[in-house]
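Residues or ranges marked as active site, proton donor by TrEMBL: 74. Residues annotated as substrate binding site in TrEMBL: 38, 62, 308. Here TrEMBL flags 149, 180 as NAD(+) binding site. The site 'Important for catalysis' annotation in TrEMBL covers 111.
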């Protein structure tokens, strides 16, 4: 896939290298009409410039839909794994090479394989605490480890259930990916009365139609073990999670997990995109035609960026969670109601709303 430019962006596509340590990274600033480009830094073995561009564009729409004064951007560092000292070296090398863009054009944040520790390293390297959000509390931050994205995904699922005619109490939920987003989505959905029947991570899946003990699963995962270490339930291959007959399916790991190979097996009534770009737009359209209600990533998982805005404004955790709940419920409700009313794919409706907000600012 090549990077395609249009009237919205991208404004900057930057590749950086430090050959001495083997660091290679990308920064894409897509659009800054509404404010500085905001988006996390992912560290994965296969991250590409094109993937970062796709994610940066999603951030442009996500921030517009959340009604916060940020533009869209994203960053990625090619990371094959290593110890903490090496990871710190990579993060700080990347930070120093892009610091001229911050904080006026880009503000970093956590993403796949980055959290409050990496954000601390990042701002230490740039010398500017405003260059990143998701920092530790001791650095004036609201760490994403508080679970703002997962909390927002749970709120999105509750709104989608209400609009889609599913009672969230006792609704069956399957979650693919049990990192920060999946864990907190599960915890908050249980608080709403939903039943988490399946959880999958990179090692496999645990399934119990009677419902899983989410707190026990979180304890297992936090201890560094796979979900299949859970005592009880049926242990199945990870990919089987997509074919379960559940009310709500939440992909919450990486891009393109729902693809041509497994889309036909999907039986859920609602999909809430906890991950960024868990499937292509074409697959979303096909699922919509099969009467599967898909809540697009740009509205479903905006809790993290709303939390970033709260941190940027100096708010505390309570005010942040209140803001996430208010904005997610409002944007998800608006998109899904209009989608059903106009009989149009939710992503098309969401994009139309986001584009209109940016164009209104330009005119």
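Cβ coordinates are placed from backbone N, Cα and C, and glycine is handled just like the others.
Over all protein chains present, the Cβ of residue 62 (substrate binding site) has 29 other Cβ atoms lying within 10 Å. Annotation note: residue 111 (site 'Important for catalysis') sits in a coil segment as assigned by DSSP. If you compare Cα positions, residue 149 (NAD(+) binding site) sits closest to 308 out of the recorded positions 38, 62, 74, 308. If you take the Cα of residue 38 (substrate binding site) and the Cα of residue 180 (NAD(+) binding site), they are about 19 angstrom apart, rounded to a whole number.
For the binding site of substrate, formed by 38, 62, 308 according to the record, the largest Cα to Cα distance is 13 Å, rounded to a whole number. Measuring Cα to Cα from residue 74 (active site, proton donor), none of the binding-site residues 62, 180, 308 fall within 10 Å.
Taking Cβ-Cβ distances under 8 Å and a sequence separation of 6 or more, the neighbours of residue 111 (site 'Important for catalysis') in its chain are 39, 40, 41, 42, 74.
When Cβ atoms from all protein chains are considered, those within 10 Å of residue 149 (NAD(+) binding site) total 28, not counting its own. You'll find the Cα of residue 62 (substrate binding site) roughly 19 Å from the Cα of residue 180 (NAD(+) binding site).
In this structure, the CA atom of residue 180 (NAD(+) binding site) is 15 Å away from the CA atom of residue 308 (substrate binding site). Following the DSSP three-state reduction, the secondary structure of residue 180 (NAD(+) binding site) is helix.
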